[in-house]
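To start, the structure itself, in structure tokens.
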């Protein structure tokens with residue numbers, strides 16, 4: 001029983017630690033995450049998940065599509 005409780009506490013601690021280290025260090029980081037998610041729900045065409053090409057300056061190779069259609073080691 002004690003081992004089970006320790007395992008539950010450890011999992012909760014590691015989950016919280018992962019969340020804390022993944023959020024940008026800002027006093028209103030949670031608010032920013034909420035606003036970004038809310039914006040993407042209202043404007044699904046602006047969502048990063050719908051983007052199928054890479055912006056300029058992103059590294060690329062022959063198999064990756066750039067938004068401009070030009071790839072010379074980086075998207076132009």
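Quick reminder: no glycine exception, Cβ is built from N, Cα and C everywhere.
It should be emphasised that the depicted structure is a prediction, and the values quoted were computed from it without experimental measurement.
Feature annotation from Swiss-Prot assigns disulfide bond to 53-67, 60-71, 66-75. Summarising the annotation, Swiss-Prot assigns signal peptide to 1-22.
Overlay of Swiss-Prot feature records on the structure.
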| residue | record | DSSP class |
| --- | --- | --- |
| 53 | disulfide bond | coil |
| 60 | disulfide bond | coil |
| 66 | disulfide bond | strand |
| 71 | disulfide bond | strand |
Cβ-Cβ distance under 8 Å to residue 60 (disulfide bond), same chain, at least six residues away: 54, 66, 71, 73, 74, 75
Candidate with sparsest Cβ neighbourhood (10 Å radius) among 53, 66, the listed disulfide-bonded residues: 53
Residue 71 (disulfide bond), number of other Cβ atoms within 10 Å: 18
Among 67, 75, the one of these disulfide-bonded residues whose Cβ has the fewest neighbouring Cβ atoms within 10 Å: 67
